[in-house]
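**Q** Dropping the structure in here first, questions after.
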Amino acid sequence: MNARSTAGSFERAPDQWHTLRPDEIRHHLQTPHGGLPEAEARRRLAQYGPNRLAPPKRRGPLLRLLMQFHNILLYVMMGAAAITAVLGHWVDTGVLLAAVVINAIIGFIQEGKAEAALDAIRAMLSPHATVVRDGHRREIDAADLVPGDLVLLGSGDRVPADLRLVSVHELRVEEAALTGESLPVEKGTEAVAADAPLGDRYGMAYSGTLVVYGQAKGIVVGTGGATELGKINELLTGIQALSTPLLRQIDRFGRFLAIAILAIAAATFLLGTLGRGHSPSEMFMMVVALAASAIPEGLPAIMTVTLALGVQRMARRNAIVRRLPAVETLGSVTVICSDKTGTLTRNEMTVQRVVCAGHVFDVGGVGYAPVGDFSVDGHIIDTDRYPALSLAIRAAVLCNDAHLREDDGLWRVEGDPTEGALLVLGDKAGFTRNVADSDWPRRDSIPFESQHRFMATYHRDADGEPWIFVKGAPERILDICTQQFDHDGERPLDADYWRRMATDTAAQGLRLLGLACKRAAPAEDHLRFADVEDGYTLLALVGIIDPPREEAIHAVGECHRAGIRVKMITGDHAETARAIGAQLAIGIGKPAVTGAEVAIMDDAALRRVAMEVDVFARASPEHKLRLVQALQDDGQVVAMTGDGVNDAPALKRADVGVAMGMKGTEAAKEAADVVLTDDNFATIAAAVREGRAVYDNLKKFILFMLPTNGGEALVVIAAILFELTLPLTPAQVLWINMVTSSTLGLALAFEPPERNIMGRMPRPPREALLSGFFIWRVVMVSFLMMTGALGLFLWEMEHGTSLETARTMAVNAVVVAEMFYLVNSRYIFAPVTNREGLTGNRYVLAAIAACIPLQLAFTHAPAMQAIFGSADLSVIEWLKVVGAGLLVFCVAELEKLVMRRARVAAAEGPA
Ligand code: ATP
């Protein structure tokens, strides 16, 4: 049968795969035992297309543009435009509409950019699948799977396509995504009747369901839209819409502000017409201009873009945000609970020590290159002369699922690095995996799972004699051993000796594994847990070094300076964890608490311990969950890392769940808020830094926007209140608003993190954005702006300047003051009167540079003079305008200085 007819049968009988036996499936889909050849896989990919579901329909660009106008703030402005048109004030109508359109376009472009950023991030999160092709195990993009591919499943995997299972090992799959049944289903390889419902097709694993336990091999029978999931066309994962609690809070605030502004405008109208005798139509125009300029119509768009830029910056630093609120929460994290292996350490394992009964062997060499000698007390030895060592090495190589590969002289491990280290150990003793496998073929195995902390394999030796090998955490292995193997053969177990050696080896920061064997066949020729309970012979303890990551050491220090506690929660031995912790400055001089101890503590005791202790060893996922809860009860904001399928509850519960992108399971990634593509602790610290920066930038933008709008409004209100000639005409107010409101402030979204951002304490999670200080700053700057512009206007009028010129100066004074204040706003408290402060953000400089020609045109272009009633200014007059702007700048800097002093004094407390 050729591939085309395969396609035919595939399309004709998509529901019948469960009725076929595994060998029939192999035959049908022409899958050799070593998997598809690469060339054939490529051909089938071209034929069947990628294994991807069609993405949900997007709103088209036109609809997206129209949606930009759907905003209460813009409604008010459009309403005003309509009324001015009716009144025949065409200039005002034109400027109002221009402002609305500019805002909508800026919003449209920004939203587009934000969505593109999220799309890129979605692509980075694309799921992977492990396949066998050309006889080799490979990690590929799940989208590249084709019918006939041989796929390997392990616990925590999302099934990447519809599979007919051909071999299973205790496979349990949760199929809630398809059947709604949340209890995991035990899978097999048997064929079932054609009419069996989906939930009873035990020999199938369907795309999108979750492996919660065990391992299996399956052949792909359906990909993309041809899967059961494709039929209901439901995308399981995704990134939430572009909104966060803070954004919603700001949105509400914006609406409140709009209503307040309309009320103030109405009051001003009444005061102007009834109290001061201005004509209603003149007053109406003024009030419209006032409202239009005070309303922060750029607020929602700029908030969104600030957040999206933060997400993008984090992605560039290898932290992928899956849920946007995490960006804000990251900035207020007070405790980071991190795994050890691979996150704080390099996950490059090397066996350094093998402890047998009566001998301790040191192993030379670094990394995965299989070069290094065995020595005892500094003397190189021949491993063949030590039967216990030889058998231990054989066990280490046989009870092993990893593979070693050499690429251009570089040795790499495929599979678990711990097991890779054992293969290297074997190679150093001249005992390679291929020889071992062909001499002592494997019959069955129980794979390693963090939950039970061991792995077992069952073999027959060259004489056909049965052997079971076990490797795992030393406590686990000691539990099942009654004998030990030494120079003279098997002896009763000396448990004290092994415990002493284990503690001693672990205290040096080495990771421990025990190796044991039993010369017997399991019952029914299949390995079950009952076969790994007693009667074993202990062969050796292996000490593996996994050094801390250099950058993690720095990052832990940075977190400590930033007021963030770092806790290590590991499955490893307590002594190993403590020793590695000490190298990372985590929990120095404090005891390590084990999972078993956590299990017997009540919640109150755990809450005390959770804060005090920094190293938790032999901890399992349930302990992680309880720890998160205990820390949260204590008022902490917790980031927690995880990788296994059972870590999902703790990741969900944590304020920021962080999953490992490389070694993490799909289940953990889906439960997490943030995925680290490099599995590196330093990336979490970098994400916290970015999180703080995003929050800062949101704050800075609001601190810029509110007083600039407020100042402009105050100029007009004050003039009406004090019965002065209006210093700005309605059209001029609208001009200022159009030129500055969304353009200048946008530059603050690009503000880089402040230098000492990790030198401050975490932000209190419930801190209100609009604090007393905030209100003070807004009011103060509003008055400053008003003073500059109104003061200059009144001064000029006093000294006989024409009304047109005085008004032109007032307009320019407002705009120039905004430009200066934009520079002030780069830092909330720190001074900007230094090189970094003045020039550190090129977007700020560009925004200012873009406004200058607009103001020059407004002032000097005859057409603009005709529209806006502006007039040419002399150099002296320009200097006065700049002087008014400088006044705002200097007073704002002075206020920061006073604030800094006050904060230092408050921190030091009363003398
Ligand atoms: P972390 O939780 O920080 O990632 P970890 O990787 O040490 O720590 P586990 O993977 O749960 O945590 O390992 C726990 C223990 O199980 C190890 O200390 C080791 O003794 C044993 N172990 C680890 N990998 C294997 C394996 N492949 N086969 C057998 N035993 C193993």
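Every residue, even glycine, has its Cβ placed from backbone N, Cα and C.
All annotation found in TrEMBL is predicted automatically rather than curated by experts.
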**Q** Tell me which range among 194-213, 574-593, 734-753 TrEMBL lists as transmembrane segment.
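**A** From TrEMBL, the annotated transmembrane segment range turns out to be 734-753.
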**Q** Determine which recorded stretch among 62-83, 253-271, 806-823, 843-863 has the most C-beta pairs below 8 angstroms with the transmembrane segment (734-753).
**A** 843-863
**Q** What average pLDDT is reported by the model for the domain 'Cation-transporting P-type ATPase N-terminal' (16-89)?
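**A** Mean pLDDT for the domain 'Cation-transporting P-type ATPase N-terminal' (16-89): 83.
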**Q** For the transmembrane segment (774-794), what are the same-chain contacts with Cβ under 8 Å, counting residues 6+ beyond its ends?
**A** 699, 702-703, 706-708, 710-715, 718-719, 724, 727-728, 806-807, 809-810, 813-814, 817-818, 821, 880-881, 884-885, 887-888, 891-892, 895
**Q** For the transmembrane segment (806-823), find every same-chain residue at least 6 residues outside the stretch whose CB is under 8 Å from a CB in it, and list them.
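**A** Counting only partners 6 or more residues beyond its ends, the transmembrane segment (806-823) has Cβ contacts under 8 Å with 704, 707-708, 711-712, 715, 727-729, 732, 735-736, 739-740, 744-745, 747-748, 781, 784-785, 788-790, 792-793, 796-797, 832, 837-838, 844, 847-848, 851, 855, 858-859, 869-871, 873, 877-878, 880-882, 884-889, 892.
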**Q** Should the transmembrane segment (701-722) and the transmembrane segment (253-271) be scored as in contact, given a threshold of at least 3 Cβ pairs under 8 Å and pairs 6 or more apart?
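**A** Contact between the transmembrane segment (701-722) and the transmembrane segment (253-271): present.
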**Q** When only pairs 6 or more apart in sequence are counted, do the transmembrane segment (89-109) and the transmembrane segment (875-894) reach 3 or more Cβ pairs under 8 Å?
**A** no
**Q** So, taking each listed stretch (253-271, 283-309, 843-863) in turn and counting its Cβ pairs to the transmembrane segment (62-83) that are under 8 angstroms, which one gives the highest count?
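**A** Between the candidates 253-271, 283-309, 843-863, the best contact partner of the transmembrane segment (62-83) is 283-309.
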**Q** So which residues does the transmembrane segment (843-863) touch in its own chain, when a touch means Cβ under 8 Å and the partner is 6 or more beyond its ends?
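**A** 735, 739-740, 743-744, 746-750, 808, 811-812, 815-816, 819, 822-823, 826, 870-873.
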**Q** Which sequence-distant residues neighbour the transmembrane segment (875-894)? Criterion: at least 6 residues beyond either end, Cβ under 8 Å.
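**A** Contacts with the transmembrane segment (875-894): 781, 784-785, 787-789, 791-792, 796, 805, 809, 812-813, 816-817, 819-821, 823-824, 831-833.
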**Q** Residues sitting near the transmembrane segment (283-309): Cβ under 8 Å, six or more positions beyond its termini, same chain?
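**A** Hits for the transmembrane segment (283-309): 68, 71, 73-74, 76-77, 80, 83-84, 87, 89, 92, 96, 99-100, 103, 106-107, 110-111, 113-114, 117-118, 242, 244, 247, 250-251, 254, 257-258, 261-262, 264-266, 268-269, 272-273, 324, 327, 694, 697-698, 701-702, 705-706, 709-710, 712-713, 716-717, 720, 726, 728-731, 733-734, 736-737, 741-742, 745-746, 748-750.
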